[in-house]
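Engineer: Per TrEMBL, active site, proton acceptor is recorded for K49, Y276. Marked as N6-(pyridoxal phosphate)lysine by TrEMBL: K49. The annotation substrate binding site is assigned in TrEMBL to R147, M324. For 255-382, the entry in TrEMBL reads domain 'Alanine racemase C-terminal'.
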Amino acid sequence: MSATLCESRTGPLATLATTRPVLTVRLDAVAYNTRVLAARARRLMAVVKADGFGLGGADVARTALAHGARALGVATLTEAVELRTAGIGAPLLSWLDAPGADPSDAVLHGVDVAVPSLGHLEAAVAAGRRTGRAVAVHLYLDCGTARDGCAPELWPALCAAAWRAELTGAVRVVGVMGHLACAASLDPQANADATARFVHGVARARAAGLRPALRHLGATAAVLGLPATRFDLSRVGAGLVGIDPTGRCPVLHAVAQVTAPVVQVRDVGAGVGVGYEHTYRTPAPTRLALLPLGYADGLPVTASGRAQVLVHGQRRPLAGRVSMDQVVVDVGDLPVRTGDVVTVIGTGDDLAPTLTEWAGWAGTLPHELLTGLGRRLVRHVVPAPPSTSPEELA
Ligand SMILES: *Cc1c(COP(=O)(O)O)cnc(C)c1O
């Protein structure tokens, strides 16, 4: 592995870490995760929505493409155009736009669009006419989330309309997609109905005269352990950034680490109330260490009272409530001083709490924590190794 914060004890980064909270983004881990996932999928789409789960959309996209991903997926046309503007040229699909959003600009950038409704189809046809390019569309069937996608009862009409639209030359149906509601489950039964609905939906599309080459249903969990849901393409987001939604496949590497410097220490007696509302009282004489990061940086208030950090190689509890800009650590009798670097979120290489532990303390998902790591954190990006060759992936 290349140099991490912990290993580079001298130099500008080490100095920075003693004065500012730092988010380290390990693109080497993204590369590793992509290789692991690509080896299990027929074709891998790297989902880099929400700025690559908050870690840098273009960085994660480039890394994934260099290590086995064949396509990119995002939620919005704006995200798609941003990736193109950053110079990224791979196949790219956007799936969560309003029917009133004009995809013309994205179409000119060679972006595919998902079509979950007749309104979206009309918008794609209009964009095809306006741009003089057949818009590549993926018909999107709701396979049981009752969330995004076309409701099953409207699917035959959507397929028929898409077939007529193809005849005009304004669109080309290149794919049919669905999404699994039980996205974290490795139990084949949990997703059996959804998979059957998807297979049925593809058959309806074919019966309507469509010839979608790409059938795609599953996401990270599908690639990790649900072979029946893999089809032609798997759309993988969480796994790239080291999140195992199943909690049962420890094959991925964590991508994000957060450290913070101690900016103040004070020695106090027993029974001292700490922070807002005094939700913590020191049980004994102790030292309190102040870290300059809080919920505006993505540390959840709901983890207050449970969360721990790694100080001098030992776990110590946060004392009191997470504030907007700061937290206090009860470091006990550790000889902690200002400028010491504390690991707040670790990568599992040492005793530091992981993203998954933080999510447990906060009653949320690791996904939410990652996407919420704020702009105020200084970012240190560990580069990925050069690209993986197709032979190495096979
Ligand atoms: C976010 C998303 C994905 C990626 O799911 P992961 O579980 O993060 O791999 C795939 N498909 C759709 C439609 C999504 O919205």
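Yeah, the Cβs are placed from backbone N, Cα and C, and that goes for glycine too.
Because TrEMBL annotations are produced automatically, they should be read as predictions rather than curated entries.
For each feature listed, report its degree of burial, its nearest neighbours and the pertinent distances within the displayed model.
Structural biologist: Sequence-distant neighbours of K49 (active site, proton acceptor) (same chain, six or more apart, CB under 8 Å from its CB) are G57, G73, V74, A75, T76, E79, G237, listed in sequence order.
Under the DSSP three-state reduction, K49 (active site, proton acceptor) is assigned to helix.
DSSP classifies M324 (substrate binding site) as coil under the three-state reduction.
Secondary structure at Y276 (active site, proton acceptor), taken from DSSP and collapsed to helix, strand or coil, is helix. Counting only same-chain residues at least 6 apart in sequence, those with a Cβ under 8 Å from the Cβ of Y276 (active site, proton acceptor) are G320, R321, S323.
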Engineer: Across the whole of the domain 'Alanine racemase C-terminal' (255-382), what does the mean pLDDT come to? Round it, please.
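Structural biologist: Mean pLDDT, the domain 'Alanine racemase C-terminal' (255-382): 98.
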Engineer: DSSP-wise, what's the residue breakdown of the domain 'Alanine racemase C-terminal' (255-382) into helix, strand and coil?
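Structural biologist: With helix first, then strand, then coil, the domain 'Alanine racemase C-terminal' (255-382) has 23 helix, 49 strand, 56 coil.
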Engineer: Around M324 (substrate binding site), which residues of its chain at least 6 apart sit with Cβ under 8 Å of its Cβ?
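Structural biologist: Result: G294, Y295, A296.
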